[in-house]
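Colleague: Structure provided below as structure tokens; questions to follow.
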Amino acid sequence: MSIHADSKPWTVPALAEAKRNGQKLVMLTAYDAGFARSFDANGVDLILVGDSLGMVVQGHDSTLPVSVEDVVYHTRAVASVLQRALLVSDLPFGADATPERALEASLQLLKAGAEMVKIEGAGFKLDIIRHLVEREIPVCSHLGLTPQSVLRLGGYRVQGRGDAAQQLLDDAKAVAEAGASLLVLECVPTPLAGRVTAETAIPTIGIGAGPECDGQVLVLHDFLGLDSGHRRPKFVKDFLAEGGSVAGAVLAYADAVRAGTFPDAEHAYAS
Ligand code: KIV
């Protein structure tokens, strides 16, 4: 296992270049300086301050109660130690309900140290992506299972099956066209994620979306094998068991993502 050789800090344009070069992107969520420092030092390319913090840090049943102030607080802690990884922070539920709110929240996140904001969904969010990108705020889109839609969806389950596949593909092209620089695909069948990855110019980051994405992300607590108190999704793997320490887990995860051995069939949805 080796640390990724390139020690330059990641930039937004470098992500597109990585996709063109076939270089896999390694991403993890972090919410504090301690884990962020270890991830950064051990070759993680992108760190996400996800609104998953509502579930894994705050103990809620969903991400819906998370506020902009919560994400700003955790963003500031993570940003304080990063030397190389690019920092993405979530716009929590409701913060992207209008272009004005999204701009205000994104400015707070960027001032706290984020370098990109993540927005769930397409539809009316396309205007919001354009609004932010035109104002120099890089955007990561998030499609497939979007946890902020849990009330409408009625639970957390695989998306993009059957007729919904074409809609997801169209949405992926639309968010790229609107100016997003990165696309998280959550709980999407492997063949569909592969198609999205092949047919969009921006890098895709999978979580439960199979090995054909341009990179992978896991939630910190899942990656460490902690019991989240919620049903354990199929795509989760305990890398602490494999690596023996936090640094070892990061190296094992990064090596597996870069080698294309994680996720394997056991940690993906075939259809
Ligand atoms: O909030 C989060 O941690 C996320 C990941 C599941 C991608 O959105």
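Backbone N, Cα and C define each Cβ position, glycine as well.
TrEMBL does not curate its annotations; it predicts them automatically.
Here's the feature list from TrEMBL:
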- E186: active site, proton acceptor (ACT_SITE)
- D51, D90, E120: Mg(2+) binding site (BINDING)
- D51, S52, D90, K118: 3-methyl-2-oxobutanoate binding site (BINDING)
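How buried are the listed features, and what sits near them?
Modeller: Counting only same-chain residues at least 6 apart in sequence, those with a Cβ under 8 Å from the Cβ of E186 (active site, proton acceptor) are H142, L143, G144, L145, T146, P147, Q159, G206, I207, G208, A209.
In the three-state DSSP assignment, the secondary structure recorded for D51 (Mg(2+) binding site) is coil.
Its Cβ placed at the centre, D51 (Mg(2+) binding site) has 28 other Cβ atoms within 10 Å.
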Colleague: Give the subset of the binding-site residues D51, S52, E120 lying near ligand 1, defined as CB under 6 A from any of its atoms.
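Modeller: The binding-site residues passing the 6 Å Cβ test are D51, S52.
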Colleague: To see if you understand the setup: which same-chain residues, six or more apart in sequence, place their Cβ under 8 Å from that of D90 (Mg(2+) binding site)?
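Modeller: In sequence order, L48, V49, G50, D51, V66, V71, V117, K118 meet the Cβ cut-off.
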Colleague: Can you check which residues sit near E120 (Mg(2+) binding site), meaning Cβ under 8 Å from its Cβ, same chain, 6 or more apart in sequence, and list them in order?
Modeller: D96, S141, H142, L143, T146, P147, Q148, S149
Colleague: Taking only same-chain residues 6+ apart in sequence, whose CB is under 8 Å from that of S52 (3-methyl-2-oxobutanoate binding site), what do you get?
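Modeller: Residues satisfying the criterion: T29, T63, P147, V219.
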